[in-house]
Structures are given as C-alpha cells and as structure tokens.
Amino acid sequence: MSSAMAPVKPSSTAGPKEVELILVKEQNGVQFTSSALVSPSGQTHPSGEERETWGKKIDFLLSVIGFAVDLANVWRFPYLCYKNGGGAFLVPYLFFMVIAGMPLFSMELALGQYNREGAAGVWKICPIFKGVGFTVILISLYVGFYYNVIIAWALFYLFSSFSGELPWIHCNNTWNSPNCSDLNSTLLNDTYKTTPALEYFERGVLHLHESSGIDDLGLPRWQLTSCLAVVIVVLYFSLWKGVKTSGKVWIEAATQICFSLGVGFGVLIAFSSYNKFSNNCYRDAIITSSINSLTSFFSGFVIFSFLGYMSHKHNVALDKVATDGPGLVFIIYPEAIATLPGSSVWAVIFFIMLLTLGIDSAMGGMESVITGLTDEFKFLHKHRELFTLFIVVFTFLISLICVTNGGIYVFTLLDHFAAGTSILFGVLIEAIGISWFYGVDRFSDDIQEMIGQRPGLYWRLCWKFVSPCFLLFMVVVSFATFNPPKYGSYYFPTWATMVGWCLSISSMIMVPLYAFYKFCSLPGSFCDVSISYFKILYQDESSQVTFISAVLLQIVTKQLHSKKE
C-alpha cells in the first residue's frame with residue numbers, strides 16, 4: 001500500500017496557523033512524517049461561524065481585571081503576608097511575579113488571541129498536549145463548585161445588613177451559645193470565649209454546631225440555598241449570550257501568583273480568544289498584572305489596620321485574630337464594621353463589594369468551561385444557551401453540598417484540593433508544551449504577526465527556561481510539603497483526604513490520558529517507527545513540535561523492541 005500527500009504551503013494570510021502531523025505509510029512499512037502549516041481562511045469559529053469579538057477594548061480589560069482581582073486579594077494575600085513574615089513575603093511574591101506570573105499571563109493571552117479557541121481548542125498547535133486544556137477546564141469547574149457558595153454567603157450577609165442593628169453585634173440571639181461574649185468585652189483571651197461575629201457565621205449562617213463532621217452533613221439550609229439560586233441565575237443570564245454581555249513561604253507565594261492572576265484556569269485563554277487579532281496582548285498583561293498586585297498590596301494595608309484594631313480591642317495577640325479564608329471576610333471584617341458609626345450602611349457597601357468581586361471571578365471560571373467545551377465540541381456551539389443552562393444547573397446541584405449544616409467541611413476540602421498542586425501542574429505542562437514542543441521561536445513569530453514585534457529576550461528566556469524550571473520545582477515541593485486539610489480544630493479523616501487527592505488527580509490525569517489516546521490513534525504501530533523519522537524531520541526546520549514528538553516515539557519504539565527481545 002502506498003500513499004502520498006503534497007505539502008501544504010504556508011499562507012501569508014494573517015491568522016493562526018495549525019500544525020498538522022501527516023503520517024505517510026510506504027511499502028516497506030516504515031512511517032514517515034511531514035508537517036504542514038494551515039492558515040484558516042478568516043477569523044472563524046470551528047463551527048464555521050464568524051467568531052464574536054468584544055464590543056469595546058475596555059470590555060476585555062475590565063473582564064480580565066475583574067477575574068484576576070477577586071476574593072483572594074481580600075482574604076488570602078494579606079493572611080499569607082502575615083503568616084510568612086509580613087514584608088518579607090513580598091520578596092518571593094514580587095520575584096515570582098516577574099519570572100513566572102507576568103510571562104505566563106502574557107503567554108496565555110497571546111495563545112488564546114492568536115488561535116481564537118478555548119482552553120482545549122488552542123492545542124491544535126500541538127495535539128498531544130490537548131489534555132492540559134481539559135485539565136484547566138476541570139479545575140475551573142471544580143472551583144466553581146465552592147466559589148459560588150462564597151458569593152451566596154456574601155448575599156446572605158448583605159440581606160442581613162438591611163437592619164437597624166447588625167445581627168452579629170450581641171449575644172442575645174437564638175443561635176448564640178453560653179460561651180458568647182459581646183463586642184464590648186475584653187475577655188476574649190479566654191480560650192472558651194467566642195465573639196458574636198464568629199457565632200453568627202458558624203451557628204447563625206452555617207449551623208455548623210448541628211454537624212459533627214464531614215460524615216454528618218445534613219440537609220441544605222433553605223436560606224443559603226435561596227441565595228445560591230440567585231447567584232446561579234445571575235451567572236446564567238450573564239453568560240448565556242457570550243462575551244458581548246459579560247520553602248513554605250515560596251510555595252505559598254507561587255500558588256498565590258497563579259491563583260490571583262488566574263493563570264492555569266483557562267479563563268485568560270477564553271477571554272483573549274474573543275480579542276481582535278491585532279490586539280496588543282503584552283500591554284494588557286502588564287496592565288492587568290500590575291493592577292492585581294497593587295490591589296493586593298492595598299488590601300493588605302487595609303486588612304492589617306483592621307487586624308491591629310481588633311487585636312488591641314480584645315487585648316489578644318495578633319495571631320488570635322488573623323485568620324485565612326472565609327473567617328477573615330465573614331468574621332473579622334463584619335466584627336470591625338460593627339464598631340463603626342452607621343455600621344449597617346458600611347456593611348451593605350462592604351458586602352456589595354464582595355458580591356462584585358465574586359461574581360466577576362465566577363463568571364470568568366464558567367466562561368472558561370463553556371468556551372473551552374463549545375469550541376472543542378462543535379455541536380455545543382449551536383446550543384450555547386442550553387449548554388450554559390446545563391453547566392450552571394449542574395454547578396448549583398453540586399454546590400448544594402456546601403450549604404448543608406456541615407457544608408463548610410466540604411467547602412474546605414474543595415478549597416484545599418481543587419486548585420492547589422493541580423493548577424501548578426497544569427501551568428507547568430502549558431509552559432512545556434508551548435516553549436519546548438511548539439517552540440518559543442514559532443510562538444514569537446505568532447506574536448509578531450499579531451502586534452508587529454517579536455517578544456524581547458526577557459520574555460523568551462522566561463518562557464523557555466525560567467518559568468518551566470520554577471514551576472517544576474514548585475510542583476515537586478508542593479507534593480513534598482503536603483499538609484492535610486483542617487477547619488479550626490477539626491481534622492479531616494483519612495478517607496476525606498483521599499477523596500480530595502482523587503479530585504486533584506482527576507484533573508491532572510487528563511494530560512497523560514489524552515497523550516496516550518493520541519498515540520494510540522496514530523495509524524500503524526509504534527514498532528513501525530524507525531530512524532527515518534529523524535532524517536525527514538531534521539530537514540523540516542519549521543516544525544520543532546514534530547521533531548520532538550518523533551524523538552519521543554523513537555524512545556518508545558526502542559523500549560518496545562527491547563521488551564520483545
């Protein structure tokens with residue numbers, strides 16, 4: 001059997017080029033490869049329709065900034081600063097921002113803008129890495145399961161703030177325990193005393209006292225379920241039409257960079273895929289990452305003043321009031337606001353701010369899932385509204401687990417495992433796929449085609465060497481320094497930790513699974529691959545990806561031959 005295929009000449013038309021690996025089987029049974037650069041005609045969607053773009057440039061910038069500047073800036077960054085030496089934490093934070101945050105941020109923006117596809121579809125440039133697209137889509141989906149619950153809590157607090165007296169000021173409420181001590185008391189250095197704000201959150205809102213642990217969740221609370229339903233409805237009507245309408249110190253600094261900037265969630269790729277082809281994505285990356293960091297610094301200044309005030313007021317050490325996660329936003333902040341004149345007004349303003357921060361980020365995460373899947377599976381694009389409805393309803397049903405009596409335990413488990421090591425792993429694979437398989441030179445050519453100039457030496461070195469090495473180190477360290485999750489004094493049982501790891505691995509495993517599928521789908525067998533790959537690919541300087549892929553195939557072939565012998 002003999003077959004031949006004429007090479008496709010690269011088109012000079014401005015637009016994304018897809019690298020196609022063509023296998024040609026000769027009579028002697030040896031498979032050869034050649035590569036072709038295919039330029040799609042026009043800026044069209046895979047379904048054949050013209051791809052929509054942002055109505056105005058400012059729409060894109062505000063959407064990306066809205067996603068990047070989220071609740072992590074308000075509660076996670078200040079706490080990490082305090083826990084890891086205050087100003088000393090800024091050294092690794094700024095260092096990682098320069099060598100990894102900004103380069104990877106700009107890489108994702110350029111990748112999405114050039115290829116005009118979602119998180120999975122962009123990997124047409126190197127199909128063997130498409131699994132990482134599904135990895136980031138799953139991470140965004142998992143984060144949505146609990147992130148929407150935070151917005152529901154903020155909405156619940158907002159409704160509670162419309163009262164003459166805030167409900168977390170005194171201990172004379174039905175949910176309070178005998179250990180509750182009013183805000184005016186200075187006896188909180190007593191281990192057994194609790195504040196009205198703490199009891200309002202854990203007993204009045206969550207009803208945590210009615211659960212003994214993660215194995216005793218109970219039924220969803222109807223008040224929180226109603227708030228969650230409102231959030232889901234708002235998200236649906238914001239997304240259904242598309243973008244037209246919408247050491248340990250070091251590992252924590254690295255994770256904060258990825259989580260806060262939004263690298264590795266597929267959101268930046270999804271948003272930038274709707275940009276005009278000639279948009280200056282470099283400028284957008286610098287503007288957005290700078291605003292994000294400045295917002296984090298400003299939040300830190302404000303929060304430390306709150307924490308210092310509460311520490312002095314209750315006559316306790318600062319570490320007794322400094323806390324991470326929802327405790328900072330729904331306990332410490334409300335307690336401090338309650339001491340201000342006109343506290344109800346300030347509470348309303350504060351929780352409206354939380355809602356806007358949360359909704360923007362939640363929209364970005366869901367857009368990543370929707371765009372990534374509709375671009376990959378063409379039939380979904382024709383039914384975007386129904387598919388969006390399916391995603392938000394599915395998210396709502398899973399999120400109901402987090403609004404039960406013991407829902408905070410599920411929330412903590414998801415927060416610990418959904419986007420920790422897995423997001424570092426996903427960004428690592430992205431960096432390797434772009435820099436070493438697709439090639440930094442080719443990627444730089446793509447950027448030059450869009451904005452008229454090639455990236456500087458700093459960007460190319462970070463993409464090819466600095467960022468991948470840094471991310472690889474961070475992934476190894478994150479595994480080596482793993483700490484089991486806990487909520488307050490409650491330690492999760494072993495089975496719960498195992499479930500969390502299964503959740504984390506379920507997204508990461510998409511990379512090797514899809515790569516294995518891609519190898520198995522090639523015509524012929526691995527044993528048919530010979531050294532002829534190298535001869536024909538070495539002459540094809542335009543395709544670094546095919547060369548490296550052939551090297552990998554050759555290694556696999558040698559291993560298979562050695563086993564047979």
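FYI, residue positions are counted from 1 along the chain as it appears here.
Quick reminder: no glycine exception, Cβ is built from N, Cα and C everywhere.
All annotation found in TrEMBL is predicted automatically rather than curated by experts.
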According to TrEMBL, the disulfide involving C171 connects it to which residue among C126, C180? C180
Using a Cβ cut-off of under 8 Å, list the residues of the same chain at least 6 residues beyond the transmembrane segment (346-365) that approach it. 63, 66-67, 69-71, 73-74, 140-141, 143-144, 147-148, 150-151, 154-155, 157-158, 161-162, 166, 231, 234-235, 238-239, 246, 262, 265, 267, 270-271, 329, 333-334, 337-338, 340
Please report how many Å separate the Cα atom of L357 (Na(+) binding site) from that of C171 (disulfide bond), as a whole number. 31
May I ask for the residues of the chain that lie six or more residues beyond the transmembrane segment (222-239) and have a Cβ under 8 Å from a Cβ within it? 148-149, 151-153, 155-156, 159, 205, 245-246, 359, 362-363, 366-367, 370, 388-389, 392-393, 395-396, 399-400, 403, 407
Give me the CA-CA distance between C180 (disulfide bond) and S361 (Na(+) binding site), in Å, as a whole number. 35
Does the transmembrane segment (417-440) come near the transmembrane segment (90-111), with 3+ Cβ pairs under 8 Å (pairs 6 or more apart)? yes
Within 10 Å of the Cβ of C180 (disulfide bond), how many other Cβ atoms can you find? Include all protein chains, please. 20
C171 (disulfide bond) and V69 (Na(+) binding site), Cα-Cα, nearest whole angstrom: 35
